[in-house]
Amino acid sequence: MFLLKNKNYIIQPLKCLLVSKTCRCYSDSVRLVSMKNKLKNGPGLKNFIESSTHPIMVDRPYIPYLANVEYATKRKVYFDIYGCQMNLNDTEIVWSILQNEGFERTEVEDEADIFLVMTCAIREGAETKIWHRLDHLRGFKKRREVSKFKQRPVKIGILGCMAERLKEKLIEKEKAVDVVAGPDSYRDLPRLLALTDSGQTAVNVLLSLDETYADVVPVRLNQDSVSAFISIMRGCDNMCTYCIVPFTRGRERSRPVSSIVDEVRRLADQGVKEVTLLGQNVNSYRDITEHTVKHETKLAEGFKTVYKSKMGGLRFADLLDKVSSVDPEMRIRFTAAHPKDFPDEVLQVVAERANVCKLLHLPAQAGSSAVLQRMRRGYSRAAYLALVRRAAAAVPAVGLSTDMICGFCGETEEEFQETLSLLEIVDYNIAFLFPYSMREKTTAYRRYKDDVPEDVKKERHSRMLNVYRRKCQMLNEAEIGNTHLVLVEGSVKKTGQLMGRNELYIKVVFDQEEILTEDGGKRSVKPGDYVAVRIVSAKASVLSGIPLYHTGIREFYRHVSWADRGTARVPL
Ligand code: 5AD
Ligand code: SF4
């Protein structure tokens, strides 16, 4: 009976047979022979039926192959998270899967039985940090092994992009690693961890064409946070020549609209006030499970892709419309985006919905058309600037953010000057600025020379930062006297002041005060409140203000006009 009811119960033990000390889940023919032998000699149906009376059978299959069956119960996991917001959300997915299997979580290193490191491979610097952390964990593991207190052995798992990039090399190089799991194999983690109990290392780095974890409800690591992240799509098909992401996260695929809307609703019910829709390219989102609309993706003039345009299904504009309709008092943000995917429909939803934040992420990457071409970005400087103008015209008081890379292969001083001039011309409220880091496997690695010396990259990077900081200071100072709608997140440890973010995700700090409520009373401010704050002083990365009154998104914009909401302009 149990066999029929629980498919996992049959499949799991069979899969386990495939893995030996050095092997990965994808088996080769040698392993197939070995599996056949093991199947012949391994436990039969009896073992499974016997196991149905095992005490832990109630909610978890008993696995007779594994020496230590206590593979999930009460084992404490410590998460280390590196990289982007997507990694934070992926960790919440992993935690959901493990919690379901009876694992516990700890934030105290000494209590941990398993360290799971969610990794990033985008630049060498990100990986270096992780190698240092692994050095520390290796030492911790050794100390635990020789400890006289008979503690359980420590296991180390590497998850995410670096796991995918380095695969078995990670185990060869880093002998202390027990599990390597790529971004599409988190469902397999309980099994991979189970295998480590018998001293095996376990690797699953298979990429999938359709895994979106749509049915896994992420468990938020910070339950008190007023904001949450939702992955709406995974992977990337753009193949920018410098970028490792298409190789570590695989092909682009989107989650069905309905599962995203359900998650937003659930978060709204839990009191979450801000949701950020996440993906490598959120705006190339397509729910192909919905066959209601037959829209072809129309790119704006001057933009092109390396892949065929998508047909049918629901587009990002449709998703944004549905998600922002769940709760008009919930702020909606989205990142990351690609400049090619900002059709008028998307700009229109952003402009029309008061709860969709007016900050558009338009990662330019470079200001020179020649560099953009080598990067295979699919647009020229002129096309990018035309998009900025179109966005400014469509969305009143729009704010902009960007990513820029300096020192890409062959970048001349003149070409770099064009990046600086883009930073001057466009008023970016937020910019992420990076020196180029050559990544194996990418087209740039195969086709170009990483010929800008490191010291030149460093120097160009600091010149970009200088322009950016000066511009931010100027933009922020222009906000003095304006009133911003601030969603309060918590307090600043050092000063005890309250901290929140305005529409453009810029930090706003102010003193705690009892201020007017909508019904005419007074109360102090707490996390999750929307407060109207008058800006009185500005630094490059933070605004200071005076709290005026409690409010809500709809209420605030009834009184404060779009033009006066205190945000950026694009003077082009
Ligand atoms: N070197 C430097 N920066 C990179 N990025 C992506 N790949 C590289 C690389 N090899 C930057 C891009 C991207 C952001 C997430 O990281 O600007 O938008
Ligand atoms: Fe990387 Fe380009 Fe895809 Fe962004 S769009 S993840 S930079 S390949």
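Just so it is clear, glycine is given a Cβ too, placed from its N, Cα and C backbone atoms.
Here is what TrEMBL records for this protein:
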- 75-198: domain 'MTTase N-terminal' (DOMAIN)
- 222-475: domain 'Radical SAM core' (DOMAIN)
- 477-549: domain 'TRAM' (DOMAIN)
Tell me, roughly as an integer, the mean pLDDT over the domain 'MTTase N-terminal' (75-198).
93
For the domain 'MTTase N-terminal' (75-198), jot down how many residues DSSP puts in helix, in strand and in coil.
65 helix, 23 strand, 36 coil
Helix, strand and coil counts within the domain 'TRAM' (477-549) (DSSP):
1 helix, 38 strand, 34 coil
